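Below is one structure, written out as structure tokens, with a few remarks after it.
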């Protein structure tokens, strides 16, 4: 893998992982347009570590407060808004973790295609538009509730289908529950921490069991690029979200879906 490929793919991962526009829809473009081959387990792992580090550092105070409060709740010190949020994040992770563990091979066998990505990019983009247009926007992430967290968690299962966008579908679900745009986005980003961590652990296990040779030097460049681009993306997205809403991302998804259909029809 050339340094150009590493830079481009790391930028795509970092810039699209937390925006509601589907990272898989963008990662398919280099292979379709430039003929780039699959980057391999080690590269997937290193990019996940980069984006995981970004969200952990950006939300470090929230993570510290939730962790302390969660441990306190286990010790019988009572509930706080941080301990409740921590429990909701954990509960919301279970559906995708279970279904992903048992159904990942089925998804990769039957749903990992360019046309599936084009369809899901378009359809779930329209669903995001509908949810944003009809959202009450009266709750923060601390008012999600257990039922709401589970609803968002089951919505996250749909992100196993390539092109759906994990952040997109979970923000959509949050808006449906009446969360503010910022609250839905923050809950989505916080719940990405355990799911990305588990995906990284899974990739690490597969890598350990494989005999893949890796030149780690260039890959750490990819980790750094995905980290910096992801943390900047989170920051700018949360600042602009209430100003611009979801419509720019919806329009972008529709254009991207149409473009994917176009290039796939020519292959």
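Every residue number used here counts from 1 along the chain in the order it is shown.
For all residues, glycine too, the Cβ spot is worked out from N, Cα and C.
Noted in Swiss-Prot for the protein shown:
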- 1-21: transmembrane segment (TRANSMEM)
- 39-59: transmembrane segment (TRANSMEM)
- 87-107: transmembrane segment (TRANSMEM)
- 113-133: transmembrane segment (TRANSMEM)
- 144-164: transmembrane segment (TRANSMEM)
- 189-209: transmembrane segment (TRANSMEM)
- 219-239: transmembrane segment (TRANSMEM)
- 244-264: transmembrane segment (TRANSMEM)
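Taking every recorded stretch in 39-59, 87-107, 244-264 and counting its Cβ pairs under 8 Å to the transmembrane segment (189-209), the highest total belongs to 39-59. Through the fold, the transmembrane segment (244-264) approaches residues 19-22, 25-26, 28-29, 32-33, 114-115, 117-119, 121-122, 124-126, 128-129, 131-132, 168, 171, 175, 181 of its own chain, all at least 6 residues removed from its boundaries and within a Cβ separation under 8 Å.
Contact between the transmembrane segment (87-107) and the transmembrane segment (144-164) is present: at least three CB pairs lie under 8 Å, with pairs separated by 6 or more positions in sequence. Put simply, of 39-59, 113-133, 219-239, the stretch with the most CB pairs closer than 8 A to the transmembrane segment (144-164) is 113-133.
Residues 3, 6-7, 9-11, 13-15, 17-19, 42-43, 46-47, 49-51, 53-55, 57-58, 182, 185-186, 189 of the same chain, all 6+ positions outside the transmembrane segment (219-239), place their C-beta atoms under 8 angstroms from a C-beta of that stretch. Away from its own ends, the transmembrane segment (39-59) comes close to residues 1, 5-6, 9-10, 13-14, 17-18, 186, 189-190, 192-193, 196-197, 199-200, 203-204, 206-207, 210, 212, 214, 216, 219-220, 222-228, 230-231, 234-235 of its chain (Cβ-Cβ under 8 Å, at least six residues beyond either end).
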